[in-house]
Each structure stands twice: as structure tokens, then as C-alpha cells.
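**Student:** Could you have a look at this structure, given as C-alpha cells, before my questions?
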Amino acid sequence: MFGKVGASLKPIARAQNVRGFATAKQPVRVAVTGASGQIGYSLLFRIASGEMLGKDQPVILQLLELPAALNSLKGVSMELNDCAFPLLHGIVQTDDVNKAFEGADYALLVGAKPRSKGMERGDLLKANAQIFSAQGKAINSNANKDVKVLIVGNPANTNAMITSHFAPKISPRNIHAMMRLDHNRGISQLAERTGAKVDDITNFAVWGNHSATQYPDVTFTKINGKDAKSVINDDKWIVENFIPTVQQRGAAIIAARGLSSAASAAGAAIDHMHDWALGTNGSWTSFGVPSEGKYGIDKNVWFGFPVTATKGDYSVVEGLKLDEFAKERLAITEKELKGEREAIAALLD
Ligand SMILES: NC(=O)C1=CN([C@@H]2O[C@H](COP(=O)(O)OP(=O)(O)OC[C@H]3O[C@@H](n4cnc5c(N)ncnc54)[C@H](O)[C@@H]3O)[C@@H](O)[C@H]2O)C=CC1
Ligand SMILES: O=C([O-])CC(=O)C(=O)O
């Protein structure tokens, strides 16, 4: 079934917002899977308001859901229309994976089973792997060849690898796993501990897997221009409190809310796509991207690295001198990713 509200998949000749003002930019197509889930409900309104791609960039939302959730998706789409967002030029609602990715310029792959209490994200591997192989194929056949894809559904790094495997026409550099929630969590913890504002904290990074083995790294971090380690002045707190708090934050949210993080995950997805599309002005952020062997990380795992982004592209920060502690931590999280790759190897044939 292919339902649509106010949108055609044909190119739009002239960008015009719902209030009738012509805008300079043509609309871009943003596909979102799992659109009527928890994260979707926090995400779509922010994309439509221009927070993700800029206040001058019209969008057409192409929303994918399972057949059983199409009615709920209809309700979400009604609400989106009721916001009368000037930048929202149309909504496609569908359970057809090919339609969802048709002509997509951006794709946020959120739809997947979330974990519940007592599970690790890796436990979702087999349950969710099929979804990402099917969606990789559909992206390959239908999306723009320079589509930017963000994998949110867990286990995000290995799902990104699967998606890329099934989308050979798309550069692997255009398929990212979301580490930004971990990055934002780390910055927020540091701000709380030191009394600094989040904007005063720079050069923070989260390495590795979006899992409990990730390495939130303050070695290069500055707080108001000073070395974070000397501002914090408590290495024991960093090792015994800060790192585990960031690593375990997802489980702590599940324990408190009974459901996994949703609004903060949506916020992180907005931040990731925003910075990828519009650039970071030289600041660091953390992207889960295909390893090209930098820092000795095995190629063909999707690994969290410190990056800077310039309009539509990114570079892994190079030349950082890793201490022994960091090397050990990177080896642990790399080993986990290699294990996940091994566990789904049969699917990649
Ligand atoms: N990378 C990250 O930092 C984070 C990732 N997550 C992950 O995001 C995913 C979604 O989480 P929630 O929105 O909370 O879950 P949810 O269960 O509320 O929503 C998931 C939605 O996806 C839909 N869906 C399932 N399979 C689909 C398919 N094949 N195609 C299209 N839609 C499909 C479901 O119908 C549902 O509406 C989970 O895998 C969760 O673990 C959650 C938080 C942070
Ligand atoms: O922990 C989970 O399962 C959801 C998630 O990825 C997070 O909150 O970081």
C-alpha cells in the first residue's frame, strides 16, 4: 500500500511553502523508517521545522512503517500537517520500502526492535539484521546515489555495515552509525561535573561501538580552552564514574523510564545530520563511520571516531597520540565489533 498526503514523487518544479511564499531552495527528500515509533514521534517535527537541514531548506518527508502501524502513521502525519510548517512540502506515508527511499537525499533508519530491560544491544543483532539488509537493497535501487544515511536502529554500527554491504552503489562514507547520543551524553556529564556550559567543551570524542564497550575520551578535551583532565583534576572519577556512566546511560534510561531513550535519540539524530550537512566549523563531533584503518582499527567495521565535518563530507581527526589506556579501550570495542560482524557473516553472502 502506498498512501500519500500532499506529496508527489515527481520532481517539484518550484519550491513553494504551504503559506505560498516562494523559497530559493528546492525541497529535499528525507526518508525516515519506523516513523510512528517513539523516536519518530520526536524526530519528524524537528526535521519539518528546519532544525536538521536549516531554516531555509524545504523538505518532503517519506515515511516508512510496518503495515500494522500505518494507521498510527496517518495520525502522526495529520499532526505534522496541523503544525503548518512552512518548510514541509509534502508527506509520503508508505509500507513499501522502495517508495520510501525513492529519490531520497537523506535517510534516517530508525525502524527496528528496541531492547528491553536486561538485554544488551548486541542481543538485537539477528532480529534487526534482516531489516537493514532489505533496506540497504532498497536504498541501492531507489535513493539518490549521494544519499546520506544515518543508522539509528540498534546495534547501529553493525546495522550500518549490513546496510552498506547491500547498497554497493552508495559510498560507504555516506552510511553512518549514530554515536552522537553518546557524544552528547559525555558532554553533558562533563558540564555537570565542572559547572561549564556544554558549548565551552570542545575536542571530546566517543570511539568505537554504540554499546557498553564504547570509549568516551576526555584526553584531548578542552573546557574553556583548558585541558579537561586538569580542570576535573580527578582521574579516578574519569575512569570509575564518567566512562561507565556514559557507557551505561542507555540502560539507565531503560531502567528509569521502562522504555529506551527516544527524545534524546531524536535530538542526537538531528545534531548528526545537521553537522554532516552543514558542517562543524572545525569543531569535533563523533561519527560512526567505516574504518579506513586509521588508528589501527580493522577495516570494514563501522567505528566511532572524532571527526570534523564540512558541508556534506567529514574527515576523521588524524595524528592524535593515543596513550596505553586508550589503546586498550579501543581494542576492546574493536573486538566487540569484529564479533558482531562474525555473528552476521552468513547474512552477507
Ligand atoms: N543509536 C542510538 O543512539 C539509539 C538507537 N535506538 C534504537 O532505535 C530503534 C527504534 O527505537 P524506538 O523508536 O524507541 O522504537 P519503537 O518500537 O517505539 O519504534 C520502532 C518503530 O519501527 C517500526 N518498524 C519496525 N520494523 C520496521 C521495518 N522493517 N520497517 C519500517 N518500520 C519498522 C515499528 O512499527 C515501530 O513503529 C531501536 O532499535 C532502538 O534500540 C534507540 C535509542 C538510541
Ligand atoms: O540503550 C538502548 O537500547 C537505546 C540506545 O541505544 C541508547 O539509549 O543509547
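The backbone N, Cα and C atoms fix where each Cβ goes, glycine too.
Automated prediction, rather than curation, is the source of TrEMBL annotations.
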**Student:** Looking at TrEMBL, which one out of ASN81, ASN154, ASN157, ASN159 binds substrate in the same site as ARG115, ARG121, ARG185?
**Tutor:** ASN154
**Student:** Suppose a student reads TrEMBL and sees GLY34, ALA35, SER36, GLY37, GLN38, ILE39, GLY40, VAL152, GLY153, ASN154 listed for NAD(+). Which of ASN128, ASN184, ASN203 should they find annotated at that same site?
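**Tutor:** The candidate from ASN128, ASN184, ASN203 that TrEMBL ties to NAD(+) along with GLY34, ALA35, SER36, GLY37, GLN38, ILE39, GLY40, VAL152, GLY153, ASN154 is ASN128.
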**Student:** Go through ARG121, HIS210, our recorded positions, and report the one whose Cβ sees the most other Cβ atoms within 10 Å.
**Tutor:** HIS210
**Student:** Given the recorded positions GLY34, GLN38, HIS210, which one's Cα is the least distant from that of ARG121 (substrate binding site)?
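**Tutor:** Answer for the nearest of the recorded positions: HIS210.
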**Student:** Got a sec? Which of GLY34, SER36, GLN38, GLY40, VAL152, ARG185, the binding-site residues, have CB under 6 Å of any ligand 2 atom?
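**Tutor:** The qualifying binding-site residues: none of them.
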**Student:** Mind running the recorded positions SER36, ARG185, HIS210 against ligand 1 and keeping the ones whose CB falls under 6 Å of it?
**Tutor:** SER36, HIS210
**Student:** May I ask you to report the DSSP-based helix, strand or coil state of ARG121 (substrate binding site)?
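**Tutor:** The three-state answer is helix.
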